[in-house]
Structures are given as C-alpha cells and as structure tokens.
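A.B. asks: First the structure, which I've put down as structure tokens, then a few questions once you've had a look.
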Amino acid sequence: MTTPTAIRRLDAADPDFARHLDHLLSWESVSDDSVNQRVLDIIKAVRERGDEALVEFTQKFDGLQVASMADLILPRERLELALTRITPVQREALEKAAERVRSYHEKQKQDSWSYTEADGTVLGQKVTPLDRAGLYVPGGKASYPSSVLMNAIPAKVAGVTEVVMVVPTPRGEINELVLAAACIAGVDRVFTIGGAQAVAALAYGTESVPKVDKVVGPGNIYVATAKRHVFGQVGIDMIAGPSEILVVCDGQTDPDWIAMDLFSQAEHDEDAQAILVSPDADFLDKVAASITRLLPTMERAAIVETSINGRGALIKVADMAQAIEVANRIAPEHLELSVADPEAWLPQIRHAGAIFMGRHTSEALGDYCAGPNHVLPTSGTARFSSPLGVYDFQKRSSIIYCSPQGASELGKTASVLARGESLSGHARSAEYRITDPDWKAGNTEDGK
C-alpha cells in the first residue's frame, strides 16, 4: 500500500493563514561563515596568483591533474566536435530551442533614440551592449545545456562582443550537450574551471581568463557567495534561491497533470517549492492522491518527496479572486494559470517571473523551448525583479547636446538650483554660458 503524501494543507479561511503562509515561504540560504570565509580566501588567491591559483584549485576541487591553464582551455573546434557526438535528435532539439529563444529575445532589443527641442537642444539615450559577459555553467554529467542557451543567446542578441563560458569538469566528466549548446549559442571562449575560483577569474581576470563586465548563470552555494562578493566589480544577474512553481487551478484540469507539474520543480532539489492553490477542496484531494500514486514512478523520487513534504502545499481558497490574491502575495518564479479563461485573470497578476497560460501550457515548456528566458526571479523577488533578457546585457547612456540658445536658457535654471545647494562651481559653470546680460546682471556674483 502506498503511503499518502504528507504535503502541507492550508486554508485561506483559517485566521492564522497569513502566518502559516509566511512560514511556508520562508527560506534561508545555507551559506554560513565558514563558506563565506573560504570563498573570500579563494577570491583573494585568484586575484593575487591568477592562473596558478586556478590550476591549483582545479586540481584540489575537481580531481584533475593539469599542468597549466593550457589544459583548461577548450578551443572552438572542441565545441564543434561536440555537435557530432550528440544524437541527431538531440541536435535538432537544441537547434529548435535555440531558434525559438533567439527569436523571442530579438524582440527585446532596445534602440537608441533622441529628440530635438525648438531651440536646437538635443536629448536622447544611447544603448550600448556590454563588451564581455561571463557565463557560469554547472559541470559534470548532470549539467544543463538549456541554461547555456538561456544565458548566452540573450547576450549575443544584445550585441555582446565576447561571451566567455566557464564549466567545471569534475574527474574529467564533461557533458557533450553543454558543449554543443555553447557552439549553437555562439559562445566565444570556454574554460573548464568552476566554483568560486571561476567567478573570481571572470570578475578580476587572470593571465588567461579575460575580465568580463557581467557574470551570469546558476551555481552552488560557493558560486552564489562568490557572485555576491564580486558584485560591484562586475554586474551579476541575480542570486537565485530554490526553484518554485505555483499552480492556480479551477479544479477542471487532470489532477495527474497538476501533480506532475508540481514534480517538475520539486525534482530540482530538496529546497524547491511546489504549491497548488484552488477553490475546489475535492480537487485538492484528487491531486494529493495523484502525488501519492505518481511519486514512486519518479527517477528522483527521494528528492521530490523531500521537497513536496518539506516546502510544498495544497492551499484551499474561497474563489478564484482569492487565488489570485494568494499568487500575488507569493510572487512565484513560475506561475501556472490552469484555468478555463486565463486571459481574464492575467491583468490581475502583478508579481510572477513567468506566467503559463492555460491547461496545456506546462512549466517545462518554458524551461526548455517556448522562447522566453528560464532565468527568473525567486524567493518573492518577482515583486521587483524581471527575467534575464537582452536588456541585462545592454546599458544606457544619456545624451545631452545644448545649442547656444538652449545653454543660455537652461543655464538660468541650473544657476538658481545650484546656488540653492551652495554649489557655486556648478552655478558659475552654467552662468558662463548665459548670453542674457540683464539676467546675469541681476543674478550672478559679478554680473558677467
């Protein structure tokens, strides 16, 4: 007999619902002082000893015997070779996914713009891609080629001159799909290094690894901690928490579908969070039964079970309007609207990393091949953050050109405001360009 699932049940009608929900959503990183200090030591070593430190750490942490950095560089030819080592079906899937990701992100490109005022003053914005971006890819046999596509393609669409990928190869293990994805995505350089040392190398540069402007990509607690420390020296995408899915369902979707949608995130790791919200209590019972029945069929059953029982929940609400309120409170990474008319509810969704519309739109499609990016804000940060995109690899500069007439008129306003702040240097700099003698006579120190 299968043991019933121990997934948590919550009811929005409970007077303590808000407190219980807050407890469910709470999550603390496992980073501790010892991890933090080790990361700081690694960063310091890479900054001081460059390639020598990278070789040393690779030998120590990845179990590789390498003589020099030359052994940790993959040429473009190796990426092209990977394309021949994967199956035709795998190559077709990678290329189709890449095509869809590229097509979607092309629509995110921002253009420079300007306008001219009546006196000839020109104001505008110049959009410029980053010079170089660094992509961290977790290594080993269980690495994720989809992450290569999702991180590298937006950078190339943005116009980044050089994308540098780092991927560890523990005990010499390398995933051919990852290298093939790098080839398809247009990655320019690849180094087989990982951990905090790889992040440090990208941020500060070594004799072999070029210094980048931004570091993106997922990693373990050492990688995340290193990204925190190098932020400011370089940009970063985000510090991601555990993966999350929230399904809002009206009770009319196949409960097996919903259970498997919850599993799709729960299988990532034990801290992943999978939540179902529905006004239909009987449907919640059906999904609980599906979870119990389907769990033993999962390859990662132990991980899924720990995640579902530890951080998962089935939440009963009064109606769909309250379900949307709960969704906005949670601000999930992935939100499935598994309802009859998702378009009707979409305007009320304020906080979600990605919104999957309708019963047939599983979150897994977004992870791999729908087109939008799968690098999404977690842990409630969808309240103020957005998915990774082309705009993360572009920056904006303000453009100001003043005609003589414009400088004279704007100078009057600048002078008054600058003197109000007791910044006479600012004021006089603007006043020198004012051509109205009457104004200058009455408003400047020397009347000139």
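Heads up, residue numbers simply count up from 1 along the chain you see.
Using the three backbone atoms N, Cα and C, a Cβ is placed for every residue, glycine included.
Pasting the relevant annotations from Swiss-Prot:
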- Tyr136, Gln197, Asn220: NAD(+) binding site (BINDING)
- Ser243, Gln265, His268, His334, Asp367, Glu421, His426: substrate binding site (BINDING)
- Gln265, His268, Asp367, His426: Zn(2+) binding site (BINDING)
- Glu333: active site, proton acceptor (ACT_SITE)
- His334: active site, proton acceptor (ACT_SITE)
A.B. asks: Sorry to bug you, but what's the C-alpha spacing from Glu333 (active site, proton acceptor) to Asn220 (NAD(+) binding site), rounded to the closest Å?
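C.D. replies: For Asn220 (NAD(+) binding site) versus Glu333 (active site, proton acceptor), the Cα atoms are 18 Å apart.
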A.B. asks: Which residue, out of the recorded positions Glu333, Asp367, shows the minimum number of other Cβ atoms inside 10 Å of its Cβ in this structure?
C.D. replies: Asp367
A.B. asks: Could you tally the C-beta atoms, other than its own, that fall within 10 angstroms of the C-beta of Gln265 (substrate binding site)?
C.D. replies: 28
A.B. asks: Out of Gln197, Asn220, Ser243, which of the binding-site residues is least crowded by other Cβ atoms within 10 Å?
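C.D. replies: Each of the binding-site residues Gln197, Asn220, Ser243 was scored by Cβ atoms within 10 Å; lowest is Asn220.
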A.B. asks: Can you tell me the three-state DSSP label for His426 (substrate binding site)?
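C.D. replies: For His426 (substrate binding site) - judged by DSSP and reduced to three states - the answer is helix.
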A.B. asks: Can you name the residues of this chain that are 6 or more positions from His426 (substrate binding site) yet have a C-beta less than 8 Å from its C-beta?
C.D. replies: Ala414, Ala418
A.B. asks: Quick check for the class: what is the C-alpha distance, in angstrom and rounded, between Glu421 (substrate binding site) and Gln197 (NAD(+) binding site)?
C.D. replies: 46
A.B. asks: Provide the number of Cβ atoms within 10 Å of the Cβ of Tyr136 (NAD(+) binding site), excluding the reference atom itself.
C.D. replies: 28
A.B. asks: With a 10 Å radius around each C-beta, find which of these binding-site residues (His268, His334) has the fewest other C-beta atoms nearby.
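C.D. replies: Checked His268, His334; of these binding-site residues, fewest Cβ neighbours within 10 Å: His268.
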A.B. asks: Under a three-state reduction of DSSP output, how is Tyr136 (NAD(+) binding site) classified: helix, strand, or coil?
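C.D. replies: DSSP assigns Tyr136 (NAD(+) binding site) to strand.
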A.B. asks: Can you count the other CB atoms that lie within 10 A of the CB of Glu421 (substrate binding site)?
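C.D. replies: Excluding its own Cβ, Glu421 (substrate binding site) sees 9 Cβ atoms within 10 Å.
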A.B. asks: Taking only the Cα atoms, work out how far His334 (substrate binding site) lies from Gln197 (NAD(+) binding site), in Å, as a whole number.
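C.D. replies: Pair distance, Cα basis, whole Å: 31 Å.
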A.B. asks: For Glu333 (active site, proton acceptor), which of the binding-site residues Tyr136, Gln197, Gln265, His268 has the nearest Cα in space?
C.D. replies: Gln265
A.B. asks: Cα-Cα, whole number of Å: His268 (substrate binding site) versus Gln197 (NAD(+) binding site)?
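C.D. replies: The Cα atom of His268 (substrate binding site) is 24 Å away from the Cα atom of Gln197 (NAD(+) binding site).
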